[in-house]
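**Q** Pasting a structure here, questions to come.
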Amino acid sequence: MPLKHYLLLLVGCQAWGAGLAYHGCPSECTCSRASQVECTGARIVAVPTPLPWNAMSLQILNTHITELNESPFLNISALIALRIEKNELSRITPGAFRNLGSLRYLSLANNKLQVLPIGLFQGLDSLESLLLSSNQLLQIQPAHFSQCSNLKELQLHGNHLEYIPDGAFDHLVGLTKLNLGKNSLTHISPRVFQHLGNLQVLRLYENRLTDIPMGTFDGLVNLQELALQQNQIGLLSPGLFHNNHNLQRLYLSNNHISQLPPSVFMQLPQLNRLTLFGNSLKELSPGIFGPMPNLRELWLYDNHISSLPDNVFSNLRQLQVLILSRNQISFISPGAFNGLTELRELSLHTNALQDLDGNVFRMLANLQNISLQNNRLRQLPGNIFANVNGLMAIQLQNNQLENLPLGIFDHLGKLCELRLYDNPWRCDSDILPLRNWLLLNQPRLGTDTVPVCFSPANVRGQSLIIINVNVAVPSVHVPEVPSYPETPWYPDTPSYPDTTSVSSTTELTSPVEDYTDLTTIQVTDDRSVWGMTQAQSGLAIAAIVIGIVALACSLAACVGCCCCKKRSQAVLMQMKAPNEC
């Protein structure tokens, strides 16, 4: 048989097979060769028929179906996944899911269900995931789930539940994920979860819970995530989590917690994320956190904390992110951050800090980003960053800084982001070392806002980087010499140097210091080959050399910079919600 005949036969067989696959597909639906059926559209008001007998996945979405009658899926017993979402569904007849013994996934989310018939899920012996979220359910009863012994995931969030009766989940011994968030729960019985020994994720966020009784979580020995944020909890019982040794993520943010019992976090060796932001905490006592050797993130912003004592975080040896912004912190003890040798991100912005001890950050050898903006800092010790050699980003904007110590940033070779704007900089002769360092490291300041002078009044509003500072010199008679050329402004660059920049105190002499020295030396009439005095020639040469070096540094920053500018997604927050719905 010629080759073209084989090809025609092959095409014909494929077309015939495709016709079989699509046989029985309703006109309102689309059916694929992979036994997947999707029925969507407002024109659909009832379950389309006939459905393909071999369908394994059926989706009915965005229709005007208001009820499911008995046995609409009787002829598709091989169905494994059924999604009936975003419809007008308000009533389901018992027996609607009859003959679906192979069904493993059932979603009735985003409908208008208020009541679940008893026995609705009878016969669904293989069901593993049941999604009832975003409906209008008013109550659940133990009989609703008594036939779902294989269930692993139950989603009930986004309903109108006010109470969970004892025994509601007693038959769900294999359940690993339970979501009860976004309801109207005001109270949880200490016995409601006692048979859920395999549960790994429990979410109770965005309810109206005011307290959690002792023993509520005692039976949840395998729990890994507990979400209690956005409730009205005012007090935590000391032993509330003492039996949850496998807990990894604990969300307690946006409640009314005003104090933490001394032993509340003592039995959580696996915890790696703890959120307490948006509460009413006023103080943190030493040892309150720990021992938690695996904690990586601690979120404490938006509280009323006023001070940080010594060793308050000393048990958190692996902590990498510490967020203390938007509190009322006015004092930090020199040993407050003892033990935080692995910390990468420290946020202290928007507090009431006026002064910092020179040793307060000495233990933070691995710190990369520090946020100190929106405080009242008047000065910084010269050794404030002495042991923090890996800093990449420093936020100091919107403080009360008038100057900074000589060489404060010289050793920070990895620094790629420095924010100094919105400070009342005093642009007199004392500002020259800082001005010269900024001139040589201008790309690190960013392109949005640069620091400007606040005083004296005659230079207010002028850029600190390009300002000409009049240096007072001894009163001696000197011939007229050209004024020192204005420091050139170099274009900003999005890149940042990845090696230590030349500072004003090391390899390059301060240009204004040269100017001062030259004007105090007795000047002769000897002229150079350019027709200048020696002082004029030296001044011109110094200006040219400094300009070339500054330009070279700026160009090197443009070409060679690959400094990491990574910013923790926790500080930008945003101050956004830390766990999924």
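Heads up, the Cβ atoms here are built off N, Cα and C, so glycines get one too.
On a predicted model such as this, the values are computed, not experimentally measured, just so you know.
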**Q** Quickly, which of Asn69, Asn369 does Swiss-Prot have down as N-linked glycosylation site? Just give the residue.
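**A** The residue tagged N-linked glycosylation site by Swiss-Prot is Asn369.
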**Q** Tell me, what is the mean pLDDT of the repeat 'LRR 11' (294-315)?
**A** 97
**Q** Taking a Cβ cut-off under 8 Å, which residues six or more beyond the ends of the repeat 'LRR 6' (174-195) line up next to it in the same chain?
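**A** Sequence-distant neighbours of the repeat 'LRR 6' (174-195): 133, 149-166, 168, 201-210, 212-220, 227, 581.
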